[in-house]
Amino acid sequence: MKTVLLATNNENKVNEIKDILCELNLKVVSLKEVGINVEVEEDELTFMGNALKKALTLYNMIDDKKYMVLADDSGLSVDVLGGAPGVFSARYAGEHGNSKANNEKLLEDMKGLKNRKGKFICAMALVIDKDNIIKVQGEVEGSIGYEEKGDNGFGYDPLFFVSKYNMTFAEMDKDIKNSISHRRDALNKIKEKLKSYIEDK
């Protein structure tokens, strides 16, 4: 069976994906583990566009076709802002990865707005081979708070409120957050589709 190569060096992401896909008896490795150091520019207009670009770029770089390549792109989509921050989630305030500035800009943009519905979206693309690509999208719905709450997580987590749990992502225990997250939703879908693919072989 092939090995799944993850198009990321984010250790939290790597561990979460390994935990879920291990049920299929697949070996999962990160870029670091196979000695690849590459950044693919995320310049597509959709989460799926970025995920697909990353997965295909890496797949085409690798000579050893024993690898399937899994890539994802995710972010926050706010209804009243027309889907923003969207694909610009990580650089909403201009500087890439400045969560504090991004959260401040989001709060400023939503000042006085009553409709605070939003969702985290995770698009995943798994390139099995050039003729077989699995694409899925996971989501988790919530609302945008009026101030940051909680010390866990990262990014927009302190502002993302989930009414079922009456707390933000940043206030949740990591295991709870991971069990309901947009990434978990996408991974579960990938797992089911991959399971069907393996069974058909």
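A Cβ is built for glycine as well, from the same backbone N, Cα and C atoms used for every other residue.
Site annotation (Swiss-Prot, ligand substrate) includes T8, N9, N10, E11, N12, K13, F154, G155, Y156, D157, K177, H182, R183; from S74, S77, the additional listed residue is S74. Across the residues annotated as binding substrate (T8, N9, N10, E11, N12, K13, S74, F154, G155, Y156, D157, K177, H182, R183), the widest Cα-Cα separation comes to 21 Å. Reduced to three states, the DSSP call for D73 (Mg(2+) binding site) is strand. In this structure the alpha carbons, written CA, of N12 (substrate binding site) and E41 (Mg(2+) binding site) are 21 Å apart. Other C-beta atoms found within 10 angstroms of the C-beta of E41 (Mg(2+) binding site) number 9, with every protein chain shown included. Of the listed binding-site residues T8, N10, S74, the Cβ environment within 10 Å is emptiest of other Cβ atoms at N10.
Taking the Cβ of D157 (substrate binding site) as reference, residues of its chain lying under 8 Å away and at least six apart in sequence are, in sequence order, G150, T168, F169, A170, K177.
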